[in-house]
Amino acid sequence: MGTIEEESPLIEEGLISQEPKLYAQDGSVDLHGNPPLKEKTGNWKACPFILGNECCERLAYYGIAGNLITYLTTKLHQGNVSAARNVTTWQGTCYLTPLIGAVVADAYWGRYWTIACFSGIYFIGMSALTLSASVPALKPAECIGGFCPSATPAQYAMFFGGLYLIALGTGGIKPCVSSFGADQFDDTDSRERVKKASFFNWFYFSINIGALVSSSLLVWIQENRGWGLGFGIPTVFMGLAIASFFFGTPLYRFQKPGGSPITRISQVVVASFRKSTLKVPEDAMLLYETQDKNSAIAGSRKIEHTDDCQYLDKAAVISEEESKAGDFSNSWRLCTVTQVEELKILIRMFPIWASGIIFSAVYAQMSTMFVQQGRAMDCKIGSFQLPPAALGTFDTASVIIWVPLYDRFIVPLARRFTGVDKGFTEIQRMGIGLFVSVLCMAAAAVVEIIRLHLANELGLVESGAPVPISVLWQIPQYFILGAAEVFYFIGQLEFFYDQSPDAMRSLCSALALLTNALGNYLSSLILTLVTYFTTRNGEEGWISDNLNSGHLDYYFWLLAGLSLVNMAVYFFSAARYKQKKASQY
């Protein structure tokens, strides 16, 4: 059985000796269900439509998420902690719903139709949000002096209904679009594998081009020209995202859905339990596997047997009764080696997956406490009033700088030392990102220490007035966070695509996104716990509505410490990780 090693030897364009094939050999099909002709489908010719879709969709998403905390505090009149909790809960939900979209894509619809259908739900949610900020009867009342009337139940329902329709819509797009883009590259072709590694960099680049427009122009429009227009523009761009995706349809390569991954996992667990008394043979060749060239799972290659989690191998042991009857069709009693290995891969991925939770909690600060920290600083640049949320532009700019720098300079340089065609393995790349995230939180804490010291010196603690220290002092923490993203998030995208079983790629992408959800929920939990423990006995607390009398720096140091512990656990787990090995078609 031939194998594809996940870390292939150094391959350069024009130096590959294998004879090119006319059709893709990875099990994909074209629009008509036939093997796709390489000259007319997939590869970079199909990617501009996917990248355009992602750029516009992310512009729409960040047009809402980037300044949402400001809308909640200034228009819905919520407090800092309540608003931050609502933002992180919604963002967490946006990264939880991909589990729904992933199962639908892998089991039933395929990635293309899942993206198409959920995009429609997304657009409806965006439209509802725009109406809630535009129609007078649906807009919350403005403050009158010091009195700020609460929004009515109907206004809350319209706003949060639209917000959570967006969360559902993004659930069908996020786990599928990066995998669908990577599907355009034949995994059995050495040339296309190299291009696929580069695709993930430029995919993330497209995300941040959309985010750049959102965190700069849209934030300014929302705070200076009105929230109706500020939400309406992202809605238009969501429509453009849908159009871009459909325009590329004739060029796409499609992977067939392989059936429910949840069912296959359950079958392995049940079959191994039923055969718990049987002994696993020493020779792995005696375990059950189809004799066909292809796997029994639609759209999946066979996966080679590994020695870990041997208890699960019992699911592939052929019992005496099954051998005599010659009936191997009941998957709840007998599973193939490939099916067993699917579950083993998920188990091996778990420690690597878990590292993303703390990292995502750090990332969540950019749209919550970094913004609130900025609002307590001097936001004037000359005569221009800079919205604090616009500082997210520097995170985006950092990513836009780092992606081509990484792709064109760091990869060739690292390649000389590592011998890996991608410069770093995905695991190494993610580890670097975790280290950089510690530096980000340390930088934020240092800025807050300086801000609080100045607030105390100038007697601004009681008044809570913005401290006359430029908000531009926040630039380093945003820039460092952007560098951490390029290493961790892109490495994570590639890791979960390459290491996942072929018929579970949407699900594994959703699991990667789930770390963002759990990270946002963890951020909400940490905020809640910090508020509870630091406000006992009548204390002001670390995070109060008056940040000048709080200690936001302690909160940032807490996250830096958690990130450091997370990095240590990750390095231990990464050293023990076994790479996937899959057969060729």
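Using the three backbone atoms N, Cα and C, a Cβ is placed for every residue, glycine included.
What TrEMBL says about this protein:
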TRANSMEM  112-131  transmembrane segment
TRANSMEM  199-221  transmembrane segment
TRANSMEM  227-247  transmembrane segment
TRANSMEM  345-366  transmembrane segment
TRANSMEM  386-406  transmembrane segment
TRANSMEM  432-455  transmembrane segment
TRANSMEM  475-497  transmembrane segment
TRANSMEM  509-534  transmembrane segment
TRANSMEM  554-575  transmembrane segment
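Panel annotation: around the transmembrane segment (112-131), residues 53, 57, 60, 64, 101, 104-105, 138, 158-159, 161-173, 176-177, 180, 228, 231-232, 234-235, 238-239, 241-242, 245-246, 249, 252, 254, 506 of the same chain, lying at least six beyond its termini, place a Cβ under 8 Å from a Cβ of the stretch.
Between the transmembrane segment (475-497) and the transmembrane segment (554-575) there are fewer than 3 Cβ pairs closer than 8 Å, counting only residues 6 or more apart in sequence, so the two stretches are not in contact. Here the transmembrane segment (509-534) has long-range neighbours at 81, 84-85, 88-89, 91-96, 98-99, 101-103, 174-176, 178-179, 346, 349, 353-365, 368, 492-493, 495-497, 500, 541-543, 551, 555, 558-559, meaning same-chain residues at least 6 beyond its ends whose C-beta is under 8 angstroms from one of its own. Among residues of the same chain six or more beyond the transmembrane segment (554-575), those with a C-beta under 8 A of the stretch's C-beta atoms are 351-352, 354-355, 357-359, 361-362, 365, 369, 427, 430-431, 434-435, 437-438, 441-442, 444-445, 448, 526, 530, 542-543. Long-range contacts of the transmembrane segment (432-455) within its own chain (CB-CB distance under 8 A, at least 6 residues past either end) are made by residues 355, 359, 362-363, 365, 370, 373, 376-377, 424, 461, 467-469, 473-474, 476-477, 480-481, 483-489, 491, 548, 551-553, 556-557, 559-560, 563-564, 566-567, 570.
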